[in-house]
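Accompanying notes for the structure given below.
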Amino acid sequence: SQVSFEEESQNPPAVGHWKPLMPSKGDKEEPEGGCQDAGGVHEPQSTEQLNVSRLRSSSVEIREKGSEFLRDELHKAQKELKLKDKECERLSKVREQLEQELEELTASLFEEAHKMVREANTKQAAAEKQLREARGKIDMLQAEVTALKTLVITSTPSSPNRELHPQLQSPSKAGFRKGHGRNKSTSSAMVSAASQNVAPEPASRECKEVDSILFAEFQAWKESPTLDKSCSFLDRIYREDVGPCLDFTKQELSELVRVAVEQNTLTIEPVASQTVPVGKVAAEECGGPKKCALSGLPRTCKHRIMLGDSGNYYYISPSCRARITAVCNFFTYIRYIQQGLVRQDVELMFWEVMRLRREMSLAKLGFYPSEM
C-alpha cells in the first residue's frame with residue numbers, strides 16, 4: 001500500500017477540460033476563448049484538492065491497518081513471552097529439584113562410603129587379631145606335633161625311654177636345673193603321664209576285657225571327635241574322672257584350674273626353695289613352698305601353676321600336681337585324636353583312653369609316683 005501511495009504521488013493525474021453539457025438560460029454566451037480561459041484556471045485546483053484528500057484517506061487507512069497489525073503482533077509476542085516465562089519457571093523448578101536430589105544423593109553416598117570404610121577397618125582389625133591368634137596356635141601346634149613325633153618314635157607313654165628323655169629322670173639322677181622351667185599342659189602332660197609308669201607290669205600278667213558300653217560310646221565319639229562335654233563319651237568321663245580328680249578343697253580355685261585345663265592355658269613350673277609368690281593375688285591364696293594353694297594343707301610344694309596370662313602363680317603339692325597332670329594327659333591325648341595325629345586302631349586308642357582314665361582314678365585316690 002505504501003508503494004502504491006508513492007507511485008500515485010509521483011504520477012499526478014492528467015488535467016482535463018470540463019465542458020458543460022447544457023448551458024443555462026440566464027447565462028450569456030461568452031466567447032469560446034473566454035470559457036476556455038476560465039475553465040483552465042479552476043479545473044487544476046479541484047483536481048489537486050481531490051488528490052490530496054485521496055492521499056490523506058489512504059495514509060490514514062494505512063496507518064490504521066499498520067497499527068492493527070502491530071497490535072496483533074504485540075499480542076502474539078506477549079503471549080509467547082508468557083509461555084516462555086512459564087517454561088523458564090518450570091525449568092528452574094526442575095533444576096532446583098535436581099540440585100536438591102543431587103545434594104541428597106551426594107550426602108548419602110558420602111555417608112555410605114564412610115560407613116563402608118568404618119566396617120572395613122573393623123573387619124581388618126578383627127582379621128589381624130584372628131591372624132595373630134592363628135599364628136600363635138599354629139606355632140603351639142607345631143611344637144606339640146614335634147614333641148609328639150619324638151615321643152612316638154623314641155618311646156611310648158607306657159614305657160618311656162629315659163635315656164632319650166632326660167626330663168623323665170628323677171631329680172636325683174637328672175639334677176635340678178638352675179632357674180625356672182616353663183611348659184604348657186599340652187606338652188608336659190604326656191611327659192608326666194609317662195613318668196608315672198616307672199615300672200609297669202608286663203602285659204602278659206594283666207587281663208583286659210573291653211566294656212561294650214564304653215567301647216560303643218568311644219566309637220561314636222571317634223566318628224566325629226569333639227571336645228563338647230555334652231556327648232555321652234565325654235559326659236561320662238567328666239562325671240566319673242575329670243570332675244572328682246579336679247575337686248580340691250579350694251572350690252573357687254579348683255573351678256579356675258578346670259577351666260584352664262579345658263582351654264589348654266595351664267602352665268606348670270618347677271620352683272626353687274627361694275622363690276617367692278608373684279602376682280596380684282594375696283599370699284594366702286597363692287600358698288607357698290610349704291603350703292598348697294589347692295588343698296590349703298602344709299605341704300612341700302615343688303611346683304607352681306599359672307592360669308592363662310594372669311601372672312598369678314599358685315603353689316601346689318605333689319599330690320595336686322599328679323591329679324592335674326593326669327587330667328592334662330587325658331585332654332592332650334583326645335586333642336591329638338581330634339586333630340588326626342594318632343594313627344592307630346580304634347581298639348588300641350580305646351585302651352590308651354582307659355589307661356589315662358585309670359591314672360586319673362589313681363591320682364584322685366592319692367596315689368602318685370615318688371618323683372612328684
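Glycine too: its Cβ is placed from the backbone N, Cα and C atoms.
Here TrEMBL flags 67-151 as coiled coil. TrEMBL lists 44-58, 156-172, 184-198 with the feature compositional bias 'Polar residues'. The domain 'GDP/GTP exchange factor Sec2 N-terminal' annotation in TrEMBL covers 65-149. Annotation comment: TrEMBL describes 1-58, 156-202 as region 'Disordered'.
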Per-state residue totals over the domain 'GDP/GTP exchange factor Sec2 N-terminal' (65-149) - DSSP helix, strand, coil: 85 helix, 0 strand, 0 coil
Composition by DSSP (helix, strand, coil) of residues within the compositional bias 'Polar residues' (44-58): 15 helix, 0 strand, 0 coil
